[in-house]
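Notes for the one structure printed next.
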Amino acid sequence: MPSVRNFSLVKQERLTEDVFQMELKTTESLSEYQPGRFVMVEIPNGLQQLRRPLAIAAVDLLTGCISLIYRVVGQGTEQLAKLVVGAKVNLLGALGNGFNIQNFQVGDQVLLVGGGTGLPPLMYLAQTLGQQGCLVTTMVGFRTKAQIFGTQVFEQAGQLQLATDDGSAGKLGNVGTLLNAWKMNNCRHVFACGPLGLLKAVQQRFASQSVPVDLSLESRMGCGMGVCAGCMVSVNGGTLNQHICQEGPIFSAAEVQL
Amino acid sequence: MPSVRNFSLVKQERLTEDVFQMELKTTESLSEYQPGRFVMVEIPNGLQQLRRPLAIAAVDLLTGCISLIYRVVGQGTEQLAKLVVGAKVNLLGALGNGFNIQNFQVGDQVLLVGGGTGLPPLMYLAQTLGQQGCLVTTMVGFRTKAQIFGTQVFEQAGQLQLATDDGSAGKLGNVGTLLNAWKMNNCRHVFACGPLGLLKAVQQRFASQSVPVDLSLESRMGCGMGVCAGCMVSVNGGTLNQHICQEGPIFSAAEVQL
Amino acid sequence: MSQTTNQRLSVKLPGLNLKNPIMPASGCFAFGDNRYAEMFDLNELGAIIIKAATLEPRVGNPMPRIAEVPGGVLNAVGLQNPGVEVILKEKLPQLKAKYPNLPVIANVAGTQEADYVETARRLSDSGMVDALELNISCPNVKHGGMQFGTDPASAQALTAAVKKVSSIPVYVKLSPNVTDIVAIAQAVAAGGADGLSMINTLLGMRLDLKTRQPVLANGTGGLSGPAIKPVAVRMIYQVSQKVDLPIIAMGGVSSAADVLEMFLAGASAVAIGTAIFHDPLVFPNVIADLPSKMTEFGIDNLSDLIKEVRSRRNEN
Amino acid sequence: MSQTTNQRLSVKLPGLNLKNPIMPASGCFAFGDNRYAEMFDLNELGAIIIKAATLEPRVGNPMPRIAEVPGGVLNAVGLQNPGVEVILKEKLPQLKAKYPNLPVIANVAGTQEADYVETARRLSDSGMVDALELNISCPNVKHGGMQFGTDPASAQALTAAVKKVSSIPVYVKLSPNVTDIVAIAQAVAAGGADGLSMINTLLGMRLDLKTRQPVLANGTGGLSGPAIKPVAVRMIYQVSQKVDLPIIAMGGVSSAADVLEMFLAGASAVAIGTAIFHDPLVFPNVIADLPSKMTEFGIDNLSDLIKEVRSRRNEN
Ligand SMILES: Cc1cc2nc3c(=O)[nH]c(=O)nc-3n(C[C@H](O)[C@H](O)[C@H](O)COP(=O)(O)OP(=O)(O)OC[C@H]3O[C@@H](n4cnc5c(N)ncnc54)[C@H](O)[C@@H]3O)c2cc1C
Ligand SMILES: Cc1cc2nc3c(=O)[nH]c(=O)nc-3n(C[C@H](O)[C@H](O)[C@H](O)COP(=O)(O)OP(=O)(O)OC[C@H]3O[C@@H](n4cnc5c(N)ncnc54)[C@H](O)[C@@H]3O)c2cc1C
Ligand SMILES: Cc1cc2nc3c(=O)[nH]c(=O)nc-3n(C[C@H](O)[C@H](O)[C@H](O)COP(=O)(O)O)c2cc1C
Ligand SMILES: Cc1cc2nc3c(=O)[nH]c(=O)nc-3n(C[C@H](O)[C@H](O)[C@H](O)COP(=O)(O)O)c2cc1C
Ligand code: FES
Ligand code: FES
């Protein structure tokens, strides 16, 4: 059951020039805050009529904190970046289906592929899978070295493969370069999140393979609650027949039409 | 010349249940912040399209501070009351004609009559006239004892006559009661500010007297700058021919039609 | 006030005995089968207006369909719905099974008179719906009924045709994108409408400076939210002075004070749409706030307020 | 970008060679004789549109005339102005004396064709005005020209009559309170208009819960500010696709980004009204911000942008 509540901002950190991490604390249960799910964040100045969807980037059950990592791209995220410690942030969540990882076992090999603001949900996923004893390989692409964030999490959770468009860190190239070079050995599952181009590349790369691939999609969202039909996607041959906010944001690459 | 600038909030004090005093600091000149003039305050959350007019209640040239005293009556003043020390408050000012007190001399007898949120401009006026050596009598009415604010200023500046509707402080009655009981001896000038009823009572009381009476009017304001024609008043037999924000807010009781 | 909350809030409109006047606006609560419905008990609502039903399923407009503007939202969903058959077979039975006592208003859309009539007939005959809301005002599809909503004669004819096949009351939902809203209201009254529903969205647009194209794939979209409230209040006020039909009011309502403003304008019930996107608990909040807001402004009960406002109009 | 700011910002419209496209909207800057004018140099403006002129002086509507609503302002000033004679004898000479090089657009209002024509003739003959803006869209007076603004035939006839007596270009200011804005625009084009000015305010209303009466003494008022921008953008976009006249755009503009959105919709110049009430320096600010905003979105200069947008339309 989604709930709407005020969290208090306990940390606001700048990760790169335009990417920020907020740590938000609550005294209530976080049991529904699973990897791959998201929250709808109220923009606190009261001007914006719509909440903004942000993926859950980390959950610390001990401190009752969740992390949101966001890039400042417009008016809403600009407002978020202005908040200072102590501010109240109203979240509606947790929403969406989340990654289906219940049946993973120790030693399972898993590949994560991400870029841009697609990384936050993968960070939480990597951490969780790592703790479950899976062998997690993560491929991440950035434009340039200065834009890198979140890579420690992936290194801690397993193995990190990094590419930058200008070669300033990791391999020269992008996630596609890494994917092409990659040898698949006993990979049990692929998860990807990032820009549309990345998702398409992943979908294509594994199209003829038997390994299950899950893609986490983004969309402008009105409600996040399956009401406004502002986030539809075509699945299983239907036309705009599923809500990214409700049946998603995670869809099987074999079923979703990008 | 009006200027628009950010002041910083150095003090926010609750005077009564719904009346607050803000002290705002600037490093720039306050020479235009004269008694009877007002500022247009930007409501800081960005929702309100219009600024709100508030009278200047005090100016301290030594510290570079001005005081605004306001009653919380709606959305704008509610927002102001939420501001905490350190906040930036954007003021457009100083506006309006102000009280004409240049030719007052030591020993001149002056009567001030006020009520409600008409008191702030009279507070600044009383202080200024008191410093100029005038003998200032102030009549003030409140509904009840709990609503009293600002009276010290009037006591310091001269003599205070107080009435409350329920007799819980001062005389039982209102400003009209005080006016009726008053004996006019050599009064050189009357200044009044308050609700329409009070202004009308003052206008009537002195209609047949030769003493000059100045009334400070209120109005909803769009611009405060003589543009929108949202604050017109009928003066000298004309119809809605003067701007309260520009030719006013102070008008001669003999000329203005209430 | 010795009246119970129920006595104070209840309102009666043709076909609708509502314990309070508050309901979700069409398209902003799906068929009650959404996640908001997990957050509060739908039995608290006065009624529910369900998403537009068309004769055939519709996939709606391409994405993006939704954009934010100052004080409002633009949408170009385009009447996406599973079609009246699925609505009758699945959506309505599910809704009725869960909330047997919740009054249901079905929003009916179409392209031509014939499909409006057939959709209305089926919904009316189903026994699962208390009233119809004839959507002659959707701005987001080429043939979304907007032609009916902007021409008095077509509006009247369509209303009359639907009335003929409907055994339940018919409310006609008006478009604000017209020169003379009163003329349209009078026409649908002449067509036999039992009530009015107003307003639908204002036709708007936003352009993206990066792409230099409209933000919405459809180009234009319907503007809803606080930005349109003054237009809604004006139109409801104008119509209620000239037309005797009860009005379900909507357009930018997000608080109990807004609800009362709509009643003062001439409403007999109030729907809330866009506000839920911001405040998921807007329905229980507004319903809970209403009695004290009414007391603050000296309003005993809404039924009397409706009569008072309507009689004031007639004097003018 | 090796172009000078002037080359990048200048625009040409009939009768108006503007060094930048930014001007105060009618009624939001009086006759330049206001206190904002003390805060920046009016010579920075592209032009100025002065307050409505009528044949006889008008005292306007009773107070209150102004109210705030979410994202906007309601006004019912009612064309208060000292009449064309005083404007010609005092207001315009003062303006011209202070700012001899500032292009002036005079907003003309009236009740009947005859007084529109006479007012227009006098302003045109004065030699102090560069263009007329025919206000057929004031929602705030019973006979404020709104009847001309909502009926294509009357709009065309009035435009033709004014054109006959005017030696300077005539821009017709359209009302958004119509079913079909394109039809009105086509009609005034057929009447010989040299340009369009759009949009005037949306007709709105706010009620006071305490008094249970409209907040504005006039009842209804004109809605302006950010709330109406999506409607303005939509109408300007629609009209610019069908009508070849240049458009002075307005409605909720408050930033350089808003200005560019208007150009993408089809504007050739942009007026700002309500925003100045909030930001007294909105004119110098927007004009200063424009070049960098243009650079951010790859726009070399506005003249080329106008051509590009117009040609894109013609392909559709
Ligand atoms: C399920 C989900 C999870 C997400 N998780 C994250 C996250 O963890 N971190 C993060 O930084 N972002 C995430 N996003 C994207 C984030 O929601 C948007 O960046 C944010 O809403 C932008 O808000 P704004 O007000 O700053 O920008 P706006 O002012 O709304 O828009 C700024 C610009 O971005 C474009 N834009 C905005 N939203 C979208 C969108 N959804 N798709 C395409 N273009 C868009 C607009 O067209 C505009 O050009 C997620 C989105 C979804 C759907
Ligand atoms: C020159 C001038 C000086 C002023 N000085 C002071 C001052 O020193 N201290 C002070 O407390 N107030 C003063 N006021 C009044 C003050 O401007 C209003 O109380 C304030 O603007 C209300 O803003 P709001 O957003 O809180 O209320 P809103 O939400 O705008 O309105 C709340 C209620 O007050 C009513 N209202 C608002 N403004 C007015 C008005 N001007 N006239 C009549 N009814 C109105 C509305 O109808 C509504 O019922 C002054 C006004 C003027 C014109
Ligand atoms: C996302 C969305 C979808 C809508 N779908 C419909 C619809 O299917 N049928 C209809 O009559 N109105 C529809 N509307 C209009 C609303 O019912 C309502 O008339 C309008 O939004 C104004 O109310 P509001 O400002 O409270 O949202 C829709 C509005 C929104 C925002
Ligand atoms: C206080 C006020 C007075 C106005 N007076 C006039 C007028 O005299 N003539 C006119 O054509 N438009 C008048 N308008 C409309 C504006 O010129 C403009 O078309 C409208 O406000 C939309 O622009 P904005 O949102 O930038 O204010 C007035 C608007 C306001 C707010
Ligand atoms: S965002 Fe509204 S249905 Fe998904
Ligand atoms: S408030 Fe605008 S003219 Fe006085």
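Start at 1 and count along the chain as shown; that gives each residue its number.
Note: Cβ is positioned from N, Cα and C throughout, glycine not excepted.
Features of the protein shown, as given by TrEMBL:
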- D:9-294: domain 'Dihydroorotate dehydrogenase catalytic' (DOMAIN)
- D:SER26, D:LYS51, D:ALA52, D:ASN107, D:ASN135, D:LYS173, D:ILE199, D:GLY225, D:GLY251, D:GLY252, D:GLY273, D:THR274: FMN binding site (BINDING)
- D:LYS51, D:ASN75, D:ALA76, D:VAL77, D:GLY78, D:LEU79, D:ASN135, D:ASN200, D:THR201: substrate binding site (BINDING)
- D:CYS138: active site, nucleophile (ACT_SITE)
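Between the alpha carbons (Cα) of D:ASN135 (FMN binding site) and D:ALA76 (substrate binding site) lies a span of roughly 15 Å. Distances between the Cα of D:SER26 (FMN binding site) and those of the binding-site residues D:LYS51, D:ALA76, D:THR201 are shortest for D:LYS51. Comparing C-alpha positions, D:LYS51 (substrate binding site) sits nearest to D:GLY273 among the binding-site residues D:ILE199, D:GLY251, D:GLY273.
Here the CA atom of D:GLY78 (substrate binding site) lies 17 Å from the CA atom of D:ILE199 (FMN binding site).
Per Cα geometry, D:GLY78 is the residue among the binding-site residues D:ALA76, D:GLY78, D:THR201 nearest to D:ALA52 (FMN binding site).
A sphere of 10 angstroms centred on the C-beta of D:ALA76 (substrate binding site) encloses 29 other C-beta atoms. Between the farthest pair of Cα atoms in the FMN binding residues (D:SER26, D:LYS51, D:ALA52, D:ASN107, D:ASN135, D:LYS173, D:ILE199, D:GLY225, D:GLY251, D:GLY252, D:GLY273, D:THR274), the distance is 19 Å. Of all the binding-site residues listed (D:GLY251, D:GLY273), D:GLY273 has the fewest other CB atoms within 10 A of its CB. Put simply, D:GLY273 (FMN binding site) is 16 Å from D:GLY78 (substrate binding site) when counted between their Cα atoms. Annotated pair D:GLY273 (FMN binding site) and D:THR201 (substrate binding site), C-alpha to C-alpha distance, rounded: 11 Å. Within the model, the domain 'Dihydroorotate dehydrogenase catalytic' (D:9-294) carries an average pLDDT of 95. The two recorded residues, D:ALA76 (substrate binding site) and D:GLY251 (FMN binding site), have Cα atoms 16 Å apart. Its Cβ placed at the centre, D:ALA52 (FMN binding site) has 27 other Cβ atoms within 10 Å. Counting every protein chain shown, 26 other Cβ atoms lie within 10 Å of the Cβ of D:LYS51 (substrate binding site).
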